[in-house]
Every structure is written in structure tokens, then in C-alpha cells.
Amino acid sequence: MPESKSLTTLDRRQRILLAAVCGLEFAESLVLTIVIPLLPITAKEKGVTNFEVGILFGVAWLAAALSGVVHGKLLSRITPISLAIAGCVITAIATVGIGLAGQFSRDLVEFLPSVIGLRIMQGCGYSAIAVSAQAILSAEMPEHKLGVQAAYQGSVALGFTLSPPIAGGLYAANGFWLPFIVMSVILLIILIIVAIPLRHLKGQVVQHKSGQYFPLLLQPRAILTVAHSLVIAFVFRFFEGFIPVHMHEQFGWGPAEVAWLFTVCAVVFIIFLPIWVKLNTALMGNVAVMSWCMLMAGISFFLLAPAPFIPVKYPWWASSLVCLFYAISYAGAIVTNVPDLIFVSR
């Protein structure tokens, strides 16, 4: 397993770049997270089924996965900041569109197709930003991978923490559309700010393994790492679509209550993230820790399952505690995945 230097050894230029990248990821996380408490319940009110709610969430991440291959190739031709700018603009346009569709569409026929298309745009925009961010971090700070990944995940978690209460407050103030407009404007403002330190970065930042990706991915360690990453992504995407609908149907919660639940979960995630980083650094991606985190995440979902799987109706606070337990396990699952991702990318 490769050694990783402390972030305290970064020079001034690297610290500025890291702050810029984390700021961009924070803004992107703000925008993407507002759909979690607001979209499922609003979609249900429009007549969307639970299955179709799942499609609204899944289609964005499918688009992100497929477009990520294209974005990776584009980095051999354009600069990371150009790709990030394109991703931010696409994400902002799609987010505004979702807000307007949710507020002003009259029925299911108008709402569902338009939001599916806009969610695909969001996924592509997210992928462009994430690919450019990871390219910058891997090229400019190759000896600090564990630390920069912790900072990267922390910035995402911070956006995940602040977005739900802001979204819930704006929703209560002036309806569904306002949070999406405000968050899109914030994303573009932060883009303008971080573009200044990133503007001098050259292209070709990820060409050091050009032409070697597919043989690399056929290694047993790489296959297991990719599988682990896919399981983590699957579990969390299921969580973000399932919990709002579950709490709405079981306890009558609205977007504001769901927003506060996700806020508390995100705070717990941030608290336990450095704890897992310290533990994982000591154990260097211990398989037992990784397995425990994934097992606990799975148990959390089993405990949340409504009847007939478990013929007991929990009070709202018990279901909320299970969600917090899941957030702790999810933080550990992400952190234990990082050293394996670094190993594969060497």
C-alpha cells in the first residue's frame, strides 16, 4: 500500500488548489443534495409511483457513470477547468429546470419526462466536475492522496450537511422552485471564485496511464475495488431515494422534516469521517473494517424495512436512529475504499 504524506506538507500553491477543488465539490454537493428531501415527496404528489421515483434518482447516476468515460477522454484535449465550467453550467441549468418543472407542471405527463431529462443533464454535469476535480488532485498532489481524498469527502459532506436545512427553509418560504434557483446561483458564484486559481492548469493531467486502463481494470485487486465502489454507490443511492418516501408514507413527514433528518445524518457523517480516516490509516484498508461497515449498512436497511418484512411499526425516532447508524457505517465504507482506489490508480 502506498504511503501518503500529511496535508501539512503541501506548499502554498497546492493548498490553494485543494481549497479551490473542495470549494467546487462543496457547491456541487449543495446543488445535488436538494433533490433528496424535496423531489421524492413532490413527485408523489404529482402522481409518480415509487418505482418511478427510483428512476428519477437512478437515471442521474447512470448518466454520470456513462458520461464519466467521455469526460476522462476529454481531459487529454481540454483543461480541467474548462471541463469543470461546462459541468457547472450544465448542472445549474438542469437544476433550475427541475425547480420550475416541480413548481409549474400541471400533471404527471408534464412532470415525469421533463424531470428525467433534466436529471440526466444533472448526472452528466456532476460527472464532468468530479472527473476534473479528481484529475487535478491526482496530478498536483500525488503524494498526499489519503489526505486530499479525506478533504474531498469532507467538502462533499459539508455541502450534504448544509443543503437540506437551507432547502427546507426556502421550500417553506416560497415553494418548490426557490431552493433550486438559489443553489444554482450559489454554484455559479463559487465557480467564478475558484476558476481564478485553477485557470493556469494545463491539460493532459491524466495521460500518465493513457491506453492502460482496461488491462489495469482486469487485475483481481482492481475488480474487487470496483465492485466495492459499486456496492457503496448502490447502497447510498438507494438510501437517498428510499428514506424520503419511507418517512413520508410511514409518518406523514414532509420535505422540511426529511431535510432535517438528512442534515443530522450528514453531521454524524462528518463527525465520524476523521475517526474512520485515522482508523483506516492505522489498518491500511483492513478488510474486516470494510466488511463490517458494509454489513452494518445492510442491517440498517433491513431494520428500516416496512411490514411484511418486519411486522413492527417503529416510532419516528427509532427509524431516525437507524438512519444515523447507517450514516456512521457509510462513512467507514467510503474511507476504507480510498486506499484500494489509490492502489489501483498507481
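Any Cβ shown, glycine's included, is placed from N, Cα and C.
Among the features that TrEMBL reports, domain 'Major facilitator superfamily (MFS) profile' is placed at 17-346.
The annotation transmembrane segment is assigned in TrEMBL to 16-39 (among others).
According to TrEMBL, the feature transmembrane segment maps to 51-70 (among others). The list of residues near the transmembrane segment (51-70) in space but at least 6 beyond its ends in sequence, with Cβ under 8 angstroms from a Cβ of it, reads 35, 39-40, 43-44, 112, 115-116, 119-124, 126-128, 130-131, 233, 237, 240-241, 245.
The feature transmembrane segment is assigned by TrEMBL to 82-104 (among others).
Marked as transmembrane segment by TrEMBL: 116-138 (among others). Nonlocal intrachain contacts for the transmembrane segment (116-138), taken as residues 6+ away from its ends with a CB within less than 8 angstroms of a stretch CB, comprise 17-18, 21, 24-25, 28, 32, 35, 55-57, 59-65, 67-68, 71-72, 75, 80-81, 83-84, 86-95, 97-98, 101, 145, 148-149, 152, 198, 201, 205-206, 345.
Taken from TrEMBL, the feature transmembrane segment covers 150-171 (among others).
The transmembrane segment annotation in TrEMBL covers 177-201 (among others). Using a Cβ-Cβ cut-off under 8 Å and counting only residues 6 or more beyond its ends in the same chain, the transmembrane segment (177-201) has close neighbours at 16-17, 19-21, 23-24, 26-28, 30-31, 34, 38, 79-81, 84-85, 88-89, 91-93, 95-96, 98-100, 102-104, 136, 140, 163, 166-167, 170-171.
Annotation comment: TrEMBL describes 222-239 (among others) as transmembrane segment.
As annotated by TrEMBL, transmembrane segment applies to 259-277 (among others).
Residues annotated as transmembrane segment in TrEMBL: 289-310 (among others).
The feature transmembrane segment is assigned by TrEMBL to 316-338 (among others).
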